[in-house]
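Novice: Pasting in a structure now, in C-alpha cells, and then I'll have a few things to ask.
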C-alpha cells in the first residue's frame, strides 16, 4: 500500500511560506519548575506544551493545525477510477488499493480484456469488477501511467516471495493461503479418487453398463457434494448455488472423469445410452460417436498433463465460480472467488513445478474446451438408465438441498 507520510516537525521550527514562521517570535515557554517530575517527550507532543499563540500560528503538532487539516483532506480523497476511498497516489493518480492492484496486474501481465456490452460500462464501487475492459480503459483515461508500473520500484506492500495478494490488496502468506484454501478444496472431496471404484483406475478394463452408470452417478454426486463443502460456496445465496452448478456440472463431470481415469470405450457407452434398444439412423450413430470422441479427447489431454489432486481442485473451483451463470445476485463476488482460485493455482504451480514455466498456462487453456462436451450428450450416455426423463438440473437442485441424504430415483449409491 503506497502511503503518504509527512515527516514530523517540531512546532518551534520555521515553516517557510506559511504562518507557522510566526511561532518563532512567540515568547519562550518557561520550563518546569525545579524538582518537577520529568515527562518524556514524544513526536506527537512535539516538545514542550504548545501555547495558544503556537496553536494559532499553525504548529503541525496540534490537532487543529494545517498538518492535521491536510491529513483529513487526504483521508477523504476518492479513487479517480471507482470513487472508493483512496489509499494514496499510485501510478500518477489517487486510487484505491483495488484499482491500483488491478492496473498493476493488467500492465505487468500484459492482459487484454473484452467487453460484453458496448464498451461503456459504469465503473464505480459496485460495478468495478463486472467489466475488466472498461475498468482498464478508465484507468488509462484518468491518467494512470503504464510506464510507472514497468519502471517503478516495488512498493512496500508488494507481495514478496512467499506472499500472495488478494484483489483487495491484503497480503497473505502464500504457504498459509495454499495450506488453507487448497487443503479445504481437497478435503471437500466426498470420495478419494480410489473410492470411485477399482475398475475406474484400470483404463484398459471394459466396464459393464451398470458399472458405468454407477460410476457416473458417483462422479456427479461427488461434484455437487464437493461444491457444498468448499470455502465460500455455501455462503452464496441458494439460487446462486443452483445457477452455478446447473451451468458447470458437465465441466466438473469431465474433470472428475479425467481425474479418476474413467474408461470411455465406445460400445458400452452406446449401450448405456440405450441406443441399441431402438432402430436409429446411421447419422445419429455417427453423431453420438463423434460426441464420445470429443469427450475422450478432453479426458486424454488432461491426463497427458499429469494433473495432480491440488491442481484438479483448483481447476474445478475456477470452473465453478463463473460469472457466466444467469441470474447471479452478486456477479462481482463470484468473479473475485474465481480469481482467488486462479491465483492459488498459479502460486501452487510455480512452487511445485518450478521447472515447468508453461504449466499454469497449459492448465488454464484446457478449461474453455471442456464446454465442447455437450451436457445433453453426457445425460444421454450416463444418466438415462438411472433417471429416465428427469432433467439433470432437477437432480442437481435436489442433491444440493438434500446433501448426503439424497437418493437416486432408480438406484441408490452405496
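Backbone N, Cα and C define each Cβ position, glycine as well.
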Novice: Pick from 39, 51: which does Swiss-Prot describe as phosphothreonine?
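Specialist: The phosphothreonine feature in Swiss-Prot corresponds to 51.
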Novice: Pick from 79-99, 142-162: which range does Swiss-Prot record as zinc finger?
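Specialist: Residues 79-99 are the ones Swiss-Prot records as zinc finger.
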Novice: Identify the zinc finger range according to Swiss-Prot, selecting from 115-139, 165-189.
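Specialist: That would be 115-139, per the zinc finger entry in Swiss-Prot.
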Novice: When the pLDDT values for the DNA-binding region (76-151) are averaged, what is the result?
Specialist: 85
